[in-house]
């Protein structure tokens, strides 16, 4: 069961047991496997699709951004050097842009900023409400509103938290099936916190 999600207000769900995992994690292995914060919907679809995940699963998984923080460097281009003219991102709510500019001055401060400024420690649908109100923190978040089908899913989640929770759990289980080791590779852990 995904108990960490439940601890921040999400629904618990069953995680299939018996997955073989490696014994080490290498940060460099994420390169090309995780979307950059500047990705548009086509790029998001390509990256998630290359892992066998659908566009609908990608939108559901993006909801994980309702908790956690992002470094200013991952979105500061939206505040100071957006597009070919190097201005502010016109898709961003002006009041939110002003708030972020004070939290992340152009001088290059890189403190963390809440991905969801309303309920940063609660797993809820405020992420989608923020995106719908042009307050998506990352360009890749706000990009979900630029495509008709992803925008419809974003707006649907704002009024149907139960659907989001169900879709998120299903997408997490699907994501957990990516790149599973087989045969003698890796180990099946009896305690997820202990390697070996």
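FYI, residue positions are counted from 1 along the chain as it appears here.
Placement of Cβ uses the backbone N, Cα and C atoms for every residue, glycine included.
All annotation found in TrEMBL is predicted automatically rather than curated by experts.
According to TrEMBL, the domain 'Plant heme peroxidase family profile' annotation covers 1-196. Residues annotated as region 'Disordered' in TrEMBL: 1-20. The annotation substrate binding site is assigned in TrEMBL to 35. Residues or ranges marked as heme b binding site by TrEMBL: 65. Taken from TrEMBL, the feature Ca(2+) binding site applies to 66, 116, 119, 124. Feature annotation from TrEMBL assigns disulfide bond to 72-104.
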Neighbours of 66, 116, 119, 124 excl. site residues, C-beta within 8 Å of centre, Ca(2+): 67, 118, 120, 122, 123, 125, 126, 127
Surrounding CB atoms that lie within 10 Å of the CB of residue 72 (disulfide bond), all protein chains: 18
Cβ packing number for residue 124 (Ca(2+) binding site), 10 Å threshold: 20
Residue pair residue 65 (heme b binding site), residue 116 (Ca(2+) binding site) - Cα distance, angstrom, rounded: 7
Cα-to-Cα gap, residue 72 (disulfide bond) vs residue 119 (Ca(2+) binding site), nearest whole Å: 19
Densest Cβ neighbourhood among 66, 119 (binding-site residues), 10 Å radius: 66
Number of Cβ atoms other than its own within 10 Å, given for residue 116 (Ca(2+) binding site): 26
Under 8 Å by Cβ from residue 104 (disulfide bond), same chain, sequence gap 6 or more: 72, 75, 76, 79, 110, 111, 113
Nearest-integer angstrom distance between the alpha carbons (Cα) of the residue listed as 'substrate binding site' and residue 116 (Ca(2+) binding site): 19
CB contacts for residue 35 (substrate binding site) [other CB atoms within 10 A, all chains]: 19
